[in-house]
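The structure appears below as structure tokens.
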Amino acid sequence: MLDHVLLLTYCLVSTVVRSQPSADVFRSFAGYIPEDHRVTHHEWQNSGKFQGDIDGVDPNLLKLPEGPVLFNALKNKQLTWEGGVIPYEMDTAFSPNEIKILEKAFDSYRRTTCIRFEKREGQTDYLNIVKGYGCYSQVGRTGGKQEISLGRGCFFHEIIVHELMHSVGFWHEHSRADRDDHIKINWDNILPGMKSQFDKISAVLQDLQGENYDYKSIMHYDSTAFSRNGRNTIETVENGFTQVIGTAMDLSPLDIVKINKLYSCKTKKKEKVKPATTEEPHQLIPQVVDKNSVDSGEKCVDHFADCPHFAQYCTRASFFFVMKSYCPFTCKHCPGDRKLKKSG
């Protein structure tokens, strides 16, 4: 219930005109945030699909020691999109604001990979983006009119980027054949009838591309996915990352590397990406800004005195834009600010 209230409140707040923040709206938003609540999006769990949001899959075939590579675009290059161009058509039911959020997700791929989402111009194979029930997609290019659903509760940047990455050709990170070396599944905490959502995909069907397991992947389940009691269903083997998995707001550095490998993208940078599992977890701590360092002629100030109290939400996916708009000083979103540093 709390997740739904938070979601509704976020949607309301995010549409407020930024030039004149509403004290009532902000206080309403802030009042719903408990001190220890880690916000996650579970709308995709309600789609009734394989692993919550994957459409067009027979789970039994995926678990066979040998089977048709048809179901995994990573293993079968024939199921990738030619030239990295993904044609799409969009449901007319989407609002202008929803379209804007969707286009921003497209842009995440354009800026970091050779993937291009382009409006369909008669192509046979294309994405049909609809306002269906729940959030779900198919993996890779399955042929013809291919549905991707972004229903109620799905219009968050990170959710859309996640679903689009399925379409690009990727499974969930937790379903990797080598996942037991990196995470522990707490089977007793999983909802009845939902244990199959944590099945591994056979190595025969899945190409790991020689890349490390990525706790920070946009494709990772969060720690309480399909939980029957609010306790962790997934815990990381490496200390400090249980609260990191499933909280990505965008493509991780390794997500980008994997996409560019799959599509043989020509990248401008030759830098080697540091494996996500060797980094220290980010600490969600209040950020301090020197007002004198602001380059803009305008003063960068918080709009409410309570902002420092909610500093931990500056980097939470669900509240990022709200906090940026209402608490720019606390959240270090002033012109000229240095990037958020990790503690320690």
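Counting begins at 1 with the first residue displayed.
Including glycine, each Cβ sits where the backbone N, Cα and C put it.
Positions annotated as signal peptide by Swiss-Prot: 1-19.
Mean pLDDT of the predicted structure over the domain 'Peptidase M12A' (72-266): 89. Summarising the annotation, Swiss-Prot assigns domain 'Peptidase M12A' to 72-266 and lists sequence analysis as the type of evidence.
A 10 Å cutoff on Cβ-Cβ distances gives C265 (disulfide bond) a total of 16 other Cβ atoms nearby, all chains included. Here Swiss-Prot flags C114-C265 (among others) as disulfide bond, drawing on sequence analysis.
If you look up Swiss-Prot, you'll see C135-C154 (among others) marked as disulfide bond. The Cβ neighbour count for C154 (disulfide bond), using a 10 Å radius and every protein chain shown, is 23.
DSSP assigns H172 (Zn(2+) binding site) to coil, not to a helix or a strand. Residues or ranges marked as Zn(2+) binding site in Swiss-Prot (evidence: sequence analysis): H162, H166, H172.
Positions annotated as active site by Swiss-Prot: E163. According to DSSP, E163 (active site) sits within a helical segment.
The domain 'ShKT' feature in Swiss-Prot is assigned to 300-334.
A 10 Å cutoff on Cβ-Cβ distances gives C334 (disulfide bond) a total of 19 other Cβ atoms nearby, all chains included. Look at C334 (disulfide bond): DSSP puts it in coil. Residues or ranges marked as disulfide bond in Swiss-Prot: C300-C334 (among others).
If you look up Swiss-Prot, you'll see C307-C327 (among others) marked as disulfide bond, on the strength of sequence analysis. Its Cβ taken as reference, C307 (disulfide bond) is surrounded by 22 other Cβ atoms within 10 Å in the chains shown. In the three-state DSSP classification, C307 (disulfide bond) falls within a helix.
For C314-C331 (among others), the entry in Swiss-Prot reads disulfide bond.
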Per DSSP, three-state class assigned to C327 (disulfide bond): coil
Spatial neighbour of C154 (disulfide bond) that is closest, considering only the recorded positions C114, E163, C300, C307, C334 and their CA atoms: E163
For C300 (disulfide bond), the three-state class that DSSP assigns: coil
H162, E163, H166, C327 filtered to the recorded positions whose C-alpha is within 10 Å of C314 (disulfide bond): C327
Rounded Cα separation (Å) that holds between C334 (disulfide bond) and H166 (Zn(2+) binding site): 35
Sparsest Cβ surroundings (other CB atoms within 10 Å) among the disulfide-bonded residues C135, C314, C327, C331: C314
For C154 (disulfide bond), the three-state class that DSSP assigns: coil
